[in-house]
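Here is what TrEMBL records for this protein:
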type: REGION; residues: 1-119; note: region 'Disordered'
type: COMPBIAS; residues: 45-58; note: compositional bias 'Polar residues'
type: COMPBIAS; residues: 59-70; note: compositional bias 'Basic and acidic residues'
type: COMPBIAS; residues: 75-93; note: compositional bias 'Polar residues'
type: COMPBIAS; residues: 94-114; note: compositional bias 'Basic and acidic residues'
type: REGION; residues: 177-238; note: region 'Disordered'
type: COMPBIAS; residues: 177-188; note: compositional bias 'Basic and acidic residues'
type: COMPBIAS; residues: 203-213; note: compositional bias 'Basic and acidic residues'
type: COMPBIAS; residues: 221-238; note: compositional bias 'Basic and acidic residues'
type: DOMAIN; residues: 276-551; note: domain 'MYST-type HAT'
type: ACT_SITE; residues: GLU452; note: active site, proton donor/acceptor
Amino acid sequence: MPRRRPRHMAGSGSDGTEDSDSSAEREQTNSSESDGNMPKRQRLTRASTRLSQSSQDTPDLKRAADHDESPPLTPTGNAPSSESELDISSPNASHDESQAKDQTNRDSDKDLSHRPKRRRCHETYNFNMKCPTPGCNSLGHLTGKHERHFAVSGCPLYHNLSADECKVKAISREKQEEEVKGQEESNSRHATRHQTPTSKQSRYKEQVAELRKGRNSGLQKEQKEKHMEHRQTHGNTREPLLENITSDYDLELFRKAQARASEDLEKLRIQGQITEGSNMIKTILFGRYELDTWYHSPYPEEYARLGRLYVCEFCLKYMKSQTILRRHMAKCVWKHPPGDEVYRKGAISVFEVDGKKNKIYCQNLCLLAKLFLDHKTLYYDVEPFLFYVMTEADNTGCHLVGYFSKEKNSFLNYNVSCILTMPQYMRQGFGKMLIDFSYLLSKVEEKVGSPERPLSDLGLISYRSYWKEVLLRYMYNFQGKEISIKEISQETAVNPVDIVSTLQSLQMLKYWKGKHLVLKRQDLIDEWKAKEIKRGNSNKTIDPSSLKWTPPKGT
């Protein structure tokens, strides 16, 4: 009978566990002495060694339980969530693994109560981290699904809520999501045949319209005083009071979006893609604007951990301090993006930048864009793309408004790979200008284009609004009796799939006698025309005559 060696206690190794090489040797010695005919065992991982030893060292485990409560570590350094993750590095060790499991099952009744409890990775927290909101104890989460938070995005106190209120709202949201999911499943069959809304959908639409009636009524005097007092008391450490600014329905939609964004950030934190607020850029100084960022961007760690980044608005180089930026601006000779100016009307210009010729600029542009885009994966491989950068000129230079990129040779005829309007220029019509410009290039190329999927939330809203406007304008100018989706696509350069989806959302597509018919809804056309007249002659439109561009031949 081999002499049993005592198990190392917690703290004996540098990381609180015993050395994997020595433990493997002991396991090999024990197995060879117990069975002389068994082949020589391969080296085991640290986790599998502990598994086999747990069935043999029950008395020692009792003594170690009071001192070592941490779960065994995998070779990656993370706690395994189940015993299935305890793998063996050698393919010849399956026989040894089965013996270890049999021995474990035989002794499970007598040593189960002495085993240290396992904790899942996502249930462990770094208690040294604290929420940056003053007066917050880091308890609760905006989503109502987590016990603690470490960032402002998940802080109930910052959003003027309590942890209990967040849990109640989470339960209410889950019930609503289940109801909506059930309705979608019941309406999924024959979706193209029944384009007219059901009576339940019509009633819901009327209810929403009734709930949103008073959203533009404005604040009363007492409410304004309450909002100002809250702002003066807490400043930027708390979210402004949102009650009575809009309707309760719109406010609830906004709260749902906040909770969803907070949940996405929490998932990224758990996965290790971002840490608890340490390596995520909060703000950037860009020209005369200070912009709050929305998403994580893979800037170098030495820049990302600063929290604030200073970016030259012309060459897009990023710096660590205001002093470095000021010195750079004094000697920076760039006043507009590199490349060829292919469009100019008034103060608006568009530059075509080749990712192969101006690689550094395009990479910096992609890193900057990722701060405001969620579904962007292109950062450094910019050579196969062309970038069309829109600027607004004044006496100091051409300031970045937005951009879109497209592949030089797209197999699926995508006319946009990535599109962004800078936050300081949003809700001013520049997004539609960028989209309209991309379709203008497709018309010149005599192609039908479509944006690459997936689209961001704001991008999807902008595209749907643009497609709706294009179709209603086409319907308004159309004088014939029969209309064809193919003709619409050829004239507008919009993909037929996008046209059909837009017609369905406008309830202008009906299935009748085995055919799909396009309905001309005069009420929608009149509503669009009224908005056009009210808008007047806006400068936020693309003039095809101002385009000086020929499709590139070969890249």
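Numbering starts at 1 and runs along the chain as displayed.
Each Cβ is built from the backbone N, Cα and C atoms, and glycine gets one as well.
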Practice problem: For the compositional bias 'Basic and acidic residues' (221-238), could you work out the same-chain residues 6 or more beyond its ends whose Cβ comes under 8 Å from its Cβ atoms? | Solution: 133-134, 157-158, 160, 244
Quiz item: Using a Cβ-Cβ cut-off under 8 angstroms and a sequence gap of six or more, which residues of the chain neighbour the residue listed as 'active site, proton donor/acceptor'?
Solution: LEU412, TYR414, VAL416, SER417, CYS418
Exercise. Count the residues of the compositional bias 'Basic and acidic residues' (221-238) that DSSP assigns to helix (H, G, I), to strand (E, B) and to coil, and report the three numbers in that order.
Key: 17 helix, 0 strand, 1 coil
